[in-house]
Amino acid sequence: MFAKATRNFLREVDADGDLIAVSNLNDSDKLQLLSLVTKKKRFWCWQRPKYQFLSLTLGDVLIEDQFPSPVVVESDFVKYEGKFANHVSGTLETALGKVKLNLGGSSRVESQSSFGTLRKQEVDLQQLIRDSAERTINLRNPVLQQVLEGRNEVLCVLTQKITTMQKCVISEHMQVEEKCGGIVGIQTKTVQVSATEDGNVTKDSNVVLEIPAATTIAYGVIELYVKLDGQFEFCLLRGKQGGFENKKRIDSVYLDPLVFREFAFIDMPDAAHGISSQDGPLSVLKQATLLLERNFHPFAELPEPQQTALSDIFQAVLFDDELLMVLEPVCDDLVSGLSPTVAVLGELKPRQQQDLVAFLQLVGCSLQGGCPGPEDAGSKQLFMTAYFLVSALAEMPDSAAALLGTCCKLQIIPTLCHLLRALSDDGVSDLEDPTLTPLKDTERFGIVQRLFASADISLERLKSSVKAVILKDSKVFPLLLCITLNGLCALGREHS
């Protein structure tokens with residue numbers, strides 16, 4: 001809940017800026033000005049960098065005499081109160097305007113974040129540059145030695161942070177109401193319900209998290225470029241990348257790079273610059289769909305019992321954001337040749353732990369012995385296919401995963417994949433196409449419309465066709481929707 005609140009906060013106040021959301025409340029105390037942070041770039045363009053806080057400050061690793069305390073500039077940042085609600089019935093407000101929805105049943109998830117008045121603390125950069133002149137970093141420091149051994153890691157220094165001024169509360173309220181006699185309702189979080197044979201079931205769940213004063217909710221860093229002799233410079237200009245001199249950049253993967261080649265999307269745009277093409281963004285998505293069919297082929301080739309079991313776990317993940325948030329870093333660790341930590345598993349409930357272990361076993365990973373991860377080439381390919389889908393799901397907007405899960409229950413995922421392939425250059429598909437027949441149903445189309453809207457695609461049903469329009473500044477969400485739909489479709493594909 002804390003991670004969701006901080007992400008929503010930055011989405012509102014610093015959407016295109018350099019601030020980074022704090023995802024774990026326990027990390028707040030570690031975020032001191034001039035603390036050293038490592039930034040690890042990940043494999044696919046949509047994955048956000050991974051930051052790790054070191055138990056050192058910049059002054060701790062300099063060879064010269066004691067480093068002076070930084071000059072800190074403090075200012076009021078903003079008084080922030082955000083309220084976010086997802087409605088299954090009624091009107092959905094999007095950047096496209098109002099999208100009318102007409103669904104059976106109703107569901108509302110409301111998350112309210114009230115951080116109140118926030119304080120910004122930042123280092124005086126000009127003074128920091130003057131204080132750092134002619135100084136060198138001790139690259140023999142044991143902690144930095146471990147950083148140097150890492151793959152694609154960049155050393156950064158924390159130069160600004162946003163903190164709360166008073167105690168605040170983050171609350172999440174969930175109400176689920178399902179029409180059991182017809183359409184499948186939408187659940188955006190796992191809630192235990194007792195359904196009657198043909199009636200309405202309502203269950204409320206309230207969760208409150210208290211945040212103490214002086215809690216850091218966001219921070220900013222500057223990358224360092226470190227030379228072989230320990231001299232360093234601050235990367236102040238956008239586009240200037242940090243790193244270590246003569247350290248060869250390699251794929252941030254532990255497995256055979258050939259396994260990744262099909263997934264690299266070399267021709268796809270970087271996530272930061274949006275989807276663009278001379279033929280238009282819809283054309284890019286259609287090209288991606290053709291490539292994705294090949295990428296997810298290992299799913300379609302699985303024996304039916306294994307495919308069904310893996311599909312069931314993915315559907316459980318779609319309705320369980322806590323499990324999804326743990327599953328991605330576990331896959332990250334396995335890619336790097338690391339075993340999942342006991343602490344990570346301890347964050348999960350017993351049923352979630354069972355699903356996680358079952359997932360890893362189904363994709364060929366062993367948690368026993370000295371070498372974690374898949375062993376043979378076939379298992380590596382299967383694991384990477386699963387990791388590919390997990391990483392895309394993890395970066396989807398809030399509620400999109402649950403909407404995908406609802407579409408799985410309605411068995412319309414193949415219909416949506418076909419819709420993307422069948423779109424004309426101007427974004428129109430004929431509803432007389434037999435495969436698109438489910439979209440004639442008003443309730444089903446409303447759910448699909450909301451799913452596409454969450455991925456910055458406006459979907460409008462005309463008299464005998466469907467028209468799709470991608471937002472001008474949509475960035476990577478349409479591509480992520482394309483990836484997740486194709487992955488789930490491959491898992492549900494019938495064996496020939």
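From the backbone N, Cα and C atoms, a Cβ is placed for every residue, glycine too.
Taken from Swiss-Prot as is:
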- 1-56: region 'Membrane targeting domain' (REGION)
- Cys45: S-(2-succinyl)cysteine (MOD_RES)
- Lys120: ubiquitin cross-link (CROSSLNK)
- Cys156: S-(2-succinyl)cysteine (MOD_RES)
- Cys168: S-(2-succinyl)cysteine (MOD_RES)
- Cys180: S-(2-succinyl)cysteine (MOD_RES)
- Lys189: ubiquitin cross-link (CROSSLNK)
- Cys235: S-(2-succinyl)cysteine (MOD_RES)
- Cys371: S-(2-succinyl)cysteine (MOD_RES)
- Cys408: S-(2-succinyl)cysteine (MOD_RES)
- Cys417: S-(2-succinyl)cysteine (MOD_RES)
- Cys489: S-(2-succinyl)cysteine (MOD_RES)
Cα separation, Cys45 (S-(2-succinyl)cysteine) to Cys168 (S-(2-succinyl)cysteine) (Å, whole number): 35
Greatest C-beta neighbour count within 10 angstroms, which of the modified residues Cys45, Cys168: Cys168
Residue counts (helix, strand, coil, in that order) that DSSP gives for the region 'Membrane targeting domain' (1-56): 18 helix, 15 strand, 23 coil
Three-class DSSP secondary structure - Lys120 (ubiquitin cross-link): strand
Cα-Cα distance linking Cys408 (S-(2-succinyl)cysteine) and Lys120 (ubiquitin cross-link), given in Å to the nearest integer: 44
Integer Å distance between the CA atoms belonging to Cys156 (S-(2-succinyl)cysteine) and Cys417 (S-(2-succinyl)cysteine): 41
Nearest of the modified residues (Cys45, Cys235, Cys489) to Cys156 (S-(2-succinyl)cysteine) - Cα to Cα: Cys235
Cβ-Cβ neighbours of Cys489 (S-(2-succinyl)cysteine) (radius 10 Å): 21
Cα-to-Cα gap, Cys235 (S-(2-succinyl)cysteine) vs Cys45 (S-(2-succinyl)cysteine), nearest whole Å: 21
Residue among modified residues Cys156, Cys408 with least C-beta crowding, 10 angstrom cut-off: Cys408
